Amino acid sequence: MQAATVVINRRALRHNLQRLRELAPASKMVAVVKANAYGHGLLETARTLPDADAFGVARLEEALRLRAGGITKPVLLLEGFFDARDLPTISAQHFHTAVHNEEQLAALEEASLDEPVTVWMKLDTGMHRLGVRPEQAEAFYHRLTQCKNVRQPVNIVSHFARADEPKCGATEKQLAIFNTFCEGKPGQRSIAASGGILLWPQSHFDWVRPGIILYGVSPLEDRSTGADFGCQPVMSLTSSLIAVREHKVGEPVGYGGTWISERDTRLGVVAMGYGDGYPRAAPSGTPVLVNGREVPIVGRVAMDMICVDLGPQAQDKAGDPVILWGEGLPVERIAEMTKVSAYELITRLTSRVAMKYVD
């Protein structure tokens, strides 16, 4: 009998990278593995994707873990560096870095490095989070081209705010700003992440940066799943029944007695709870799979246990397998039921959840 376990399907991960190459055949792939590869395991994910052209991370520590784990492909620091003292390490490890503000640019100009750094100038085209404003961008770009510590040519990167919406005027405006600035400049270009890859083929350019879709999860909020785009779920959150109980009509279950049975039935108790990262907000009716059969959660999610209504004729027994999301039950459905985004669901699992990798 197993308690909370994440099963990561390496074959599905490799399939998804190939599928994304089919969707963006002229672009190179930055496989985004920040936040422990969206909960899938940083090193194991990178090692499963030797055909990725580069890897994208949010923190220098993540990049260093990749290098220490034997990953030699280019690694892009998507948020840039946070401290000028990190520049010698970035140079020595041949990391690529975003540069998005005056402080970073000044640090590059003042640094003493053995080798120049590959830079991606971040242009704020409308996300208004990181990046150089368009009216300041030409002067900023010129300084990068003159900086001895910057490997030439300077590359240009931006990020969509609403790429998960088809036919979005804001995205069209961002794309126009990006195209205007990049015109005539020799560096590589990248603006498309998961939503851009799926919905905005005109944004693919030299590099694309698949994040959540690489793991088989749709970035869209339209009830689509990764399968709608030819991708397969990589993560399955699994557990087991630890008890099966007879339950009488009119009896409540769990804290607060929020669910009362309308029939005699059999209840299963699953070794899973918010202590594992499963959302406490999951309402009664949220589906799980028991022996491949969909059954509803009943009552409140507790720290360590969830109750499910197996039905009056159920033959399930303690030790039988349970899938909370993944193969056969898309995490996007759980996100819709719980009002917790799929991004958060897959990255919030706690350290007591075991990790298992299969091919």
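Glycine too: its Cβ is placed from the backbone N, Cα and C atoms.
Lifted from Swiss-Prot, the feature list:
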type     : residues       : note
ACT_SITE : LYS34          : active site, proton acceptor
ACT_SITE : TYR255         : active site, proton acceptor
BINDING  : ARG129, MET303 : substrate binding site
MOD_RES  : LYS34          : N6-(pyridoxal phosphate)lysine
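Here LYS34 (active site, proton acceptor) is positioned 27 angstrom away from MET303 (substrate binding site), judged by their C-alpha atoms. Residue pair TYR255 (active site, proton acceptor) / ARG129 (substrate binding site) shows a Cα separation of 41 Å. MET303 (substrate binding site) falls outside any helix or strand according to DSSP and counts as coil.
Classification of ARG129 (substrate binding site) by DSSP places it in coil, neither helical nor stranded. The Cβ of ARG129 (substrate binding site) has 11 other Cβ atoms within 10 Å, all protein chains considered. LYS34 (active site, proton acceptor) and ARG129 (substrate binding site) have their C-alpha atoms 18 Å apart, to the nearest angstrom. Just so you know, the Cβ of MET303 (substrate binding site) picks up 10 other Cβ atoms within 10 Å once every protein chain is counted.
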